[in-house]
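As given in TrEMBL:
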{"type": "TRANSMEM", "residues": "9-29", "note": "transmembrane segment"}
{"type": "TRANSMEM", "residues": "41-64", "note": "transmembrane segment"}
{"type": "TRANSMEM", "residues": "76-95", "note": "transmembrane segment"}
{"type": "TRANSMEM", "residues": "164-186", "note": "transmembrane segment"}
{"type": "TRANSMEM", "residues": "207-227", "note": "transmembrane segment"}
{"type": "TRANSMEM", "residues": "233-250", "note": "transmembrane segment"}
{"type": "TRANSMEM", "residues": "262-279", "note": "transmembrane segment"}
{"type": "TRANSMEM", "residues": "291-309", "note": "transmembrane segment"}
{"type": "TRANSMEM", "residues": "321-341", "note": "transmembrane segment"}
């Protein structure tokens, strides 16, 4: 297991600050639209925020319930109450900061220490706490941040007039997407013994691959929404149905209960609208090729539809800029994807780590903790 360092601690503190600022920016932007009489935009922003918060609270509480199974029920009731008021993520940040502070600032040299050593146990608790936070932030990214980025870009393209709060919302969305995706991969490699270290160059390649492909796709959806809102809604629903159906065929085992498993598959279906998601941790060269080939065909198809349906718009400088950004983001994103997977992707699994079985009570707990992330793998 990798070490939880002081740098990790400060990154965690920064992530919590950004999380709080993001909430403030959402309500600020929503209030600005409301004051301007743009009630539909304001309601949509609050709906994205509310939906993502509800779903992340449900998953967070279920994880607490699974991890604390057999413990004091009064403790769980208090946790439930905190989650009911949508503050569950702050409990997780408190645990992460508590354990992280202990290991980052009171570290002892324990290379030869056993897994049962108290310092190593706290180290694992800190990494597990951060892992859970980053999993929840990944849900939030695709349930709220990415749809909000799409909404803000669509508003800017439709009306042309821009305000400072709109740029603030777009910047916060990009920051949220970037940080959550990179933090997710870092946590993945720290929490699982069969994952290699995520190096600096790999981080940047992965970040640009995800960010550029998502940006291109959001611009494409924004273009077709400008053409027809109905067509855009139908396309998004169709893509979600395809993603949800794929998760059903994969027979995912992320949650203990059937209801939570179907909720998880619903969320994965939403994620698949915007980015490829490897839910079984297997090699997915064919699947990822089909996924981005489809995105490329649809993106080019949207641009060709504009040429024949509304040729007058092609002459506008705004359409030219968006088209160039859409195509260039897609091409660069796929280039980064190819380089990342062919040259910089860490090895999936070491043979020894894959074949070893952990027995006993401590081993069962280890299997439960790694199992959650083992069944939630986004490549």
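Cβ atoms are placed via backbone N, Cα and C, with glycine included.
Automatic prediction, not curation, is the source of TrEMBL annotations.
Using the rule of three or more Cβ pairs under 8 Å, pairs at least 6 apart in sequence, the transmembrane segment (207-227) is in contact with the transmembrane segment (321-341).
The transmembrane segment (164-186) and the transmembrane segment (262-279) are not in contact, since fewer than 3 Cβ pairs between them lie under 8 Å (pairs 6 or more apart in sequence).
Proximity of distant same-chain residues to the transmembrane segment (262-279), defined by a Cβ-Cβ separation under 8 Å and at least 6 residues beyond the stretch ends, is recorded for 55, 58-59, 139, 142-143, 146, 210, 213-214, 217-218, 236, 239-244, 246-248, 250, 252, 254-255, 287-288, 291-292, 375-379.
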